[in-house]
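What TrEMBL says about this protein:
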- 17-40: transmembrane segment (TRANSMEM)
- 60-80: transmembrane segment (TRANSMEM)
- 101-134: transmembrane segment (TRANSMEM)
- 154-186: transmembrane segment (TRANSMEM)
- 229-251: region 'Disordered' (REGION)
Amino acid sequence: MSDIGDWFRSIPAITRYWFAATVAVPLVGKLGLISPAYFVLWPEAFLYRFQIWRPITATFFFPVGPGTGFLYLVNLYFLYQYSTRLETGAFDGRPADYLFMLLFNWACIVITGLAMDMQLLMIPLIMSVLYVWAQLNRDMIVSFWFGTRFKACYLPWVILGFNYIIGGSVINELIGNLVGHLYFFLMFRYPMDLGGRNFLSTPQFLYRWLPSRRGGVSGFGVPPASMRRAADQNGGGGRHNWGQGFRLGDQ
């Protein structure tokens, strides 16, 4: 048990709480301590009965059973792997920025869920994080099942097809990919590569709550001119080295 505890404490803080909630809430529903009907996102109950907890619980709940257990475990693995890699990679030392990304993606997914009557939001949020990681490491070669190898930028779409095979639907994965693309475009691609304005900015209260741990740098935005010149001299053609990549399944 001490080994499990050490492993759990080694997970970065935001990912650790997200992972724990994604284990605990389905377990509570599975054990019947609280009816799973209170965990899912029902627009009528949320909008007209003021059951305001539903967008939160729907983010962590998944109906685990004989037909869904494998899909749940696979996506729990994706949550652990790619949230950890983002939090300790591109967002290392910037917990406020990482939490803001999760909140932005979550808000977009909740709005979409209410509009499309989506009751479960766990997979879309996980896929949105995986999509951001894949774009930040888009040229990294990753390995998937049966020895298949491809660039990381294709990983969200490969997983979309994989989840369709084992789960029979692509709506959740597609919504997650689209939301992840929206965040990546507004936060990175548009202001940094295309020279546009910053539409997204981490609120200051998040920095006060979760201060950055390195050099007083907070948030993301247009890189300094010196960095742009360096990128141009390296032949990047407007592309930036977003960070170190990983192979699927690496520890």
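Positions of Cβ are set from backbone N, Cα and C atoms, glycine also.
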What same-chain residues lie close to the transmembrane segment (60-80): Cβ under 8 Å, and 6 or more beyond its ends?
11, 15, 18-19, 21-26, 29-30, 36, 39-40, 120, 122-123, 126-127, 129-130, 159, 162-163, 166-167
Give residue numbers and ranges for long-range contacts of the transmembrane segment (101-134): same chain, 6 or more residues beyond its ends, CB-CB under 8 A.
14, 18, 22, 40-43, 46-47, 55, 58-63, 75, 78-79, 82-83, 85-86, 89-91, 152-156, 159-160, 163, 171-173, 175-177, 179-184, 187, 200
